[in-house]
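Per Swiss-Prot, these features apply:
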type	residues	note
BINDING	R107, S108, S109, L110, G111, R112, D125, T133, L134, E135, Q154, Y168	dCTP binding site
SITE	G122, Y123	site 'Important for bifunctional activity'
ACT_SITE	E135	active site, proton donor/acceptor
REGION	169-193	region 'Disordered'
COMPBIAS	173-193	compositional bias 'Basic and acidic residues'
Amino acid sequence: MTVLSDRDIKRALEEGDIVVKPLEEEYLEEALGPASLDLRLGNEFVVFKTLHKPCIDPTVDAGENTERIVIDEDEEFVINPGELVLAVTHEWIEINAPDITGVLHGRSSLGRLGIQAHVEAGYVDPGWRGRLTLELVNFNPMPVKLRPGMRVVQIVFHRLSSPAERTYAESSGKYHGDERPSPSKMHLDFCRG
């Protein structure tokens with residue numbers, strides 16, 4: 001696998017191999033790094049309710065343990081110490097080329113505030129279409145304010161050694177087409193008898 005440079009990313013955007021919406025020209029100049037593209041925080045969050053249960057069971061729909069919060073673009077969202085919050089990118093991403101994949105990395109400026117931008121879901125398969133769910137965790141001993149539109153992650157695009165035989169879109173991925181932050185759908189992996 002090779003990493004796409006800024007030139008390669010621009011070309012892939014022009015040719016429709018990668019789609020990022022919205023992507024204003026002036027923002028592209030600010031967000032495009034030598035080998036990555038910064039993505040912004042959306043305005044929708046999912047928080048976990050404190051329930052009087054002994055644990056979370058991955059075989060059960062996690063959505064019942066969550067609450068969805070939508071804020072205005074000019075509001076702020078406070079993430080407390082030790083809190084896990086699901087959020088969504090402002091941008092809609094499509095990876096249309098079967099030989100391109102993406103990997104999310106938290107921005108170091110956010111990490112230096114104690115915020116981890118994604119816990120595990122940092123891989124974006126060929127054929128992905130949707131907004132990316134972020135798993136934000138605050139490791140700072142202080143609450144941290146987050147604002148919609150702030151750059152929170154960068155996506156690094158890689159070219160595969162050969163095109164994927166079956167893309168994420170063709171494999172009926174559980175999160176394909178997401179527009180909102182999605183709680184775990186792991187319960188769908190378990191067979192019920």
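Just so it is clear, glycine is given a Cβ too, placed from its N, Cα and C backbone atoms.
All protein chains shown were included, and the count of other CB atoms within 10 Å of the CB of D125 (dCTP binding site) stands at 18.
Calculated from their C-alpha atoms, the gap between G122 (site 'Important for bifunctional activity') and L134 (dCTP binding site) amounts to 8 Å. Around the Cβ of Q154 (dCTP binding site), a 10 Å sphere holds 21 further Cβ atoms from the protein chains shown. In the three-state DSSP reading, L134 (dCTP binding site) counts as strand.
There are 11 other Cβ atoms within 10 Å of the Cβ belonging to S109 (dCTP binding site). For the pair G111 (dCTP binding site) and Y123 (site 'Important for bifunctional activity'), the Cα-Cα distance reads 19 Å. Separating the Cα atoms of R107 (dCTP binding site) and E135 (active site, proton donor/acceptor) is a whole-number distance of 14 Å.
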